[in-house]
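Q: So TrEMBL has the following annotated:
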type	residues	note
DOMAIN	41-290	domain 'G-protein coupled receptors family 1 profile'
TRANSMEM	25-48	transmembrane segment
TRANSMEM	60-86	transmembrane segment
TRANSMEM	98-120	transmembrane segment
TRANSMEM	140-162	transmembrane segment
TRANSMEM	196-226	transmembrane segment
TRANSMEM	238-260	transmembrane segment
TRANSMEM	272-292	transmembrane segment
């Protein structure tokens with residue numbers, strides 16, 4: 001496609017859903033149930049980490065904000081999906097699409113960085129237990145949260161501006177919501193710059209950077225754990241890290257498949273399935289996994 005084929009797009013049509021009404025209603029019911037459970041579970045964790053005296057430590061401080069991010073995460077995509085599924089209204093304005101894109105990339109980046117900070121918290125607790133409260137004091141925790149918001153906002157702003165500058169030859173999004181890969185597919189011009197920035201800024205600095213930090217951190221954690229002579233002590237230390245590691249695997253596994261790959265490998269049907277896991281299932285699993293793995297949370301319920 002060339003610039004001659006470009007049209008002035010004022011709205012998009014989100015057409016990544018089944019055409020049959022019965023399938024849409026079934027999917028609507030499933031998404032609604034998942035949304036209610038996810039929001040309820042994450043709000044419960046937020047309330048517990050704020051009110052329960054036994055959960056007033058940095059680990060649960062960050063977990064509360066992770067739940068807050070997940071609540072925002074699923075709320076940027078699922079409500080629109082529910083509206084489209086139950087009605088014939090499949091349009092989203094240009095500004096609405098870009099706002100959804102900005103918010104989605106913002107919370108994705110925030111979760112990447114926050115998971116790395118949570119790994120550092122576990123490193124401080126396990127490798128330097130006597131100095132844990134000195135290292136992870138409340139002032140540092142708030143500074144780290146500001147850093148999360150700052151870098152994720154920069155990342156999101158860069159990607160959104162680069163998408164906004166593209167001319168679009170079509171306004172039909174074969175996806176479940178406004179996201180970077182399906183919008184790049186609609187561009188009339190070469191999107192090489194977008195792909196390079198997506199791979200470097202989004203993939204390396206916001207994605208791979210925190211992931212490498214997590215891996216290095218856990219190398220030190222594992223080495224420290226194996227120095228513990230008590231089997232019960234080892235199990236306890238591994239248990240405190242298990243939930244975090246599960247979430248990291250799910251989040252980064254689906255995230256890297258969605259964003260860190262060339263445009264030529266884009267597949268609408270495959271990516272819709274991965275997006276459901278990445279944008280819907282992950283926020284659902286976080287409170288469930290942490291609730292099951294954390295004895296403190298189970299006691300608070």
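Cβ coordinates are placed from backbone N, Cα and C, and glycine is handled just like the others.
Describe each of these features in terms of where it is and what it packs against.
A: On the 0 to 100 pLDDT scale, the domain 'G-protein coupled receptors family 1 profile' (41-290) averages 86 in this prediction.
Listed as Cβ neighbours of the transmembrane segment (196-226) (distance under 8 Å, sequence separation of 6 or more from its ends, same chain) are residues 105, 109, 112-113, 115-116, 119-120, 122-123, 126-127, 151-152, 155, 158-159, 162, 180, 234, 237-238, 241, 245, 248, 252, 255-256, 259-260.
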Q: If we skip the immediate neighbours and take only residues 6+ beyond the ends of the transmembrane segment (60-86), which ones have a Cβ under 8 Å from one of its Cβ atoms?
A: 14, 17, 24-25, 27-28, 31-32, 34-35, 38-39, 41-43, 45-46, 48-50, 92, 100, 103-104, 107-108, 110-111, 114-115, 117-118, 121, 138, 141, 145, 176-177, 279-280, 282-284, 286-287, 290, 296-297
